[in-house]
Structures are given as C-alpha cells and as structure tokens.
Amino acid sequence: MGPYNSSVSAGSSSGSSSSCSGKPADPIDGLLAGAGYRVRSSELRQVAQRLARLENVMVNAPTEVSHLANDAVHYNPSDLASWVDSLLSELHQPEIAPDPSTFSDLNYIAHTQAGPVLVNPMVSHRELSAGTEIEEDSGIRLVHVLMTCAESVHRGELSLAASLIEELQGLLTSVDGERGIGKVAGYFIDALSRRVFAPPSPPSLAVSAFENTVLYHHFYEACPYLKFAHFTANQAILEAFDGHDCVHVIDFNLMHGLQWPALIQALALRPGGPPLLRLTGIGPPSPDGHDSLREIGLRLAELARSVNVRFAFRGVAASRLDDVKPWMLQVNPKEVIAVNSIMQLHKLLGSDPSRGSPIDPVLEWIRNLNPKIVMVVEQEANHNQPEFLDRFTEALHYYSTMFDSLEAYSAPLEKSLAEIHIQREICNVVCCEGLARVERHEPLDKWRDRLGGAGFTSLHLGSNAFKQASMLLTLFSAEGYCVEENEGCLTLGWHSRPLIAASAWQAMPVLQHPLPLINHRQNVI
C-alpha cells in the first residue's frame, strides 16, 4: 500500500559525565565490612568451597582436628578467606583450584537463587539448597548448549541444531523460566526453533499496526528507554526552535503521538509566546481503512488549542520509511525544520540488490530539507553483523541486560507486554535474513561515521538534556539505570552497559555547482 496524507489544523483564536540511579560500590561488600568480615563478595564462592572442604574433614576425620583445640596460635575468623586457608594448611589439606564451571560473580548467583543464601559467609555447605545448585548448574549448561546450537546454525548443520533445540527445551524445565537466564534463553530458543524448523518469510512475522502500537505503549510505560528518547529529543528540539516563530517537526514514527504533548506544553510556556507549530507524523497504514494518524492529530490539536498554541498536523501513511518522498511533507522554506527519528533509521540498513541500501537516499533527502536539527535515537547494539554467530552472541548479551533491567519493574501485565515487544526484536534479529531482517541495530560510533559521511555535523546535546534525562530516572525506583555523556551524545543503560544512544545533527550546506559542472564535462568527453 502506497503512502497517503491526512491533515488536521487548529489555532488559538567533550568531557564525560554520568548520572546513575544505582550505587557504584557493591552493597554486599559494605554489609560484610559492617559485620566485621574482611572478605569481598567476589571471593565468597571460593570461600564457600573451602568451608565445605573444612567441614568434610571435621565430620569424616575428627581426630585430625582435635589438636587444633589446644593450639597456641589463634587465627582471626573475621579475615575469613585467610582463616579458612590457615586451618586447611594446619590440617595438611592441599589448596584446590576454583571450579571453572562456577561463576564468581555474586550478582549472577543472586539472579538465579531465591534469597541471599550465598551472601552469608558462615552458611555451611550442607545448608545450601540442592535445588538451587541444580538450577544454577542447569543455567550454565543452558548457556553452553545455546551457544553450541547457534554455532551449528552458523555452520548450516541444521540437523544437529534441531537435536540441540530438543536438549535446550529439556534444560529449560530445570530453571526458572519466569526470570533471569531461563526467561532470556526461552526467547532465544524459540527464535532458533523458528529459524531451524520453519524459516520465516516476511508475511509470517507481520503483525497488525494495532498490536505494534499496543506493545510499544507498554514498553514505553515499563522502562525509561523510550521516555529517555522523547525527553532528550524534545529538549534539543526546543532549544533549536528558540527565537523562531514558524517551526515544523517531521516525526518518522508517530505511533500514539506520546512524544509531542510535552513539547507542545513547553512551547506554550516559551517567553515571548509560542510559535506556529506544524507536525508531520509518519506511520503505517491502518489495516481496517480508518485514518488512525488523523485521529492522533486531532487529539494533539485539541491539546494545542487548550494551551493556545497554533498547530497544524499532517499524517503521512507509509509501510516503509523509504517510501516517503520529500514532496509529501509539504515543507515551507520559511519554516525551521526538526527531523525526529526514534529507533527508525536502523531499519533502512538492509540492502536490496535491485535498489541498493535505502539509508543513503533517505539521508540525502533529509539533508536537502536543510533541517535545523536531526534527532537520532538508536539501540546501542551491533546486530547488523553479516556473520550469524557474531550477531547471535551480541544479541544474547544485549537482550539479557535489557531483560535484567525489566525485572526491576513491578507491574506484571505491563512488563509481560513489554517483553513481547522485545521478543519480536529478538525473533527478527535471529530468524530473518535479507530484506526480512529489519532490526539491524548499530552502535553510536557507526552512526557517527555514517551521518558524518552523509553531510551532517554533530550537535552537542547540552547540559539541559543531561539534566532532563537524569531527572527522568528519579521516576523509576529501581537502582541501576545510568545516563552518561559521550562526546556530546547521551546514552542510557543498565549498570555498566549502554542500551540506547541519543545524538543530534545538523545538515551541512549543500554544494550547488562544482560537482554537477565536473560531471557535465565528463559526460561531454
């Protein structure tokens, strides 16, 4: 279905900084120190193994430890690791190397076990739950087999991959599928199953625009990533519009129009009065024929009228962003233009043998619009790698972190629907190839190179955008979200992993004569 338009109008009569919602130090280390134990949380795994060996000697060979009761040397048990090592040395027990199949990261243990069982260094090995240890071992095995299955798919050994998928489904029964690695692995196993047993074509993965907007809305509510994108973009656009009386926003993904009420209200409070605001919203055609873009425009127009902002809306329905042509936007030369792309440009990175990569012509016509600002927000991931195994490994790490951050959200229904939104991204990254694979996320450095090469220069997102993003995190009680400044751009992540990046750009002047003149002479020759 081709693009079409709808309109609504209404009128009135390098430094680096960061802001994290989590604490930089490990809180478990602080608790241990407060209790008088000189041991770090990262050492508890090995200490637990040594305590188990010490207990085994004391239970099975009591005569070997009887002489310790009268030993004149007393060891300080607060220095737990050294104390256990000293006792084992007195008993002539050789030091053992740590088990390489276990994790020393206490955060991983906390995610896979119920309650702080291993946090207490004085808990004996016999008191550890056998069930949780089995689950932890199953989780480790699950990740190993998952990567082996991905390697088989990468080599084209689909029969082996199919048998490994059956093994993976069995392993899933031994872990908690509602959280942690069990949940993440379940989604990736499902995606591998689709690829191996029923390679999807684009229609089989198509979903209605209504479903997409519903899931998008719940993802918006469940975590701060989209709110961060909207807040940061609005602040930068507001500053770009300062002093101009006729402004035009071109939004590459209108969805519910969730981003724009805040900008309308900010413009209403602008010193000297609000400008005339035009908004062009691009979105998919409605399957049932009704004009959903116009309905969103009407709601925004009503809001603008209520705060005395002159407002005009135009909807452009298109199945693909590269179907949009500049003439559809009806740009006025007297307007100051802002282009807003929230997680959309990566969908243009696929290459069609007959048409080439659509990203290049789209960036070209954006530049020709001479926008005052272009806001680009993209996932901070590298899912556009040609090799399947590299892409799979990157996706597993990225979405594991994303799901971990969602665990902090307490509303089960909202979180479940947000996870379905993410699951569809995973399915597209893992299942699809060619034009069917649209989730081709690339990191900020690659976008810098691409946009710089296409004739755009970077704009520095100022301190106000950083403050806005930092304030946003106070709305989320969960610790762990972190905003960082990166050479004029902003990233939002979970603990040490950036997950989304916002950058601002301005079109450099287009040369009018030298290149066409040279081309003309070459054609004459």
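Glycine residues also receive a Cβ, built from the backbone N, Cα and C atoms like all the rest.
Feature annotations, courtesy of TrEMBL:
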type	residues	note
DOMAIN	29-94	domain 'Transcriptional factor DELLA N-terminal'
REGION	1-23	region 'Disordered'
REGION	216-281	region 'VHIID'
REGION	295-327	region 'Leucine repeat II (LRII)'
REGION	337-428	region 'PFYRE'
REGION	431-506	region 'SAW'
MOTIF	247-251	motif 'VHIID'
MOTIF	345-349	motif 'LXXLL motif'
Sequence-remote partners of the motif 'VHIID' (247-251) [C-beta within less than 8 Å, at least six residues beyond its ends]: 237, 241, 259-260, 263, 275-282, 329, 331-332, 335-340, 369, 371
Tally of residues which DSSP labels helix, strand or coil - the region 'SAW' (431-506): 25 helix, 26 strand, 25 coil
Counts of helix, strand and coil residues, the region 'PFYRE' (337-428), according to DSSP: 50 helix, 15 strand, 27 coil
Residue counts (helix, strand, coil, in that order) that DSSP gives for the motif 'VHIID' (247-251): 0 helix, 5 strand, 0 coil
PLDDT averaged over the residues of the domain 'Transcriptional factor DELLA N-terminal' (29-94): 54
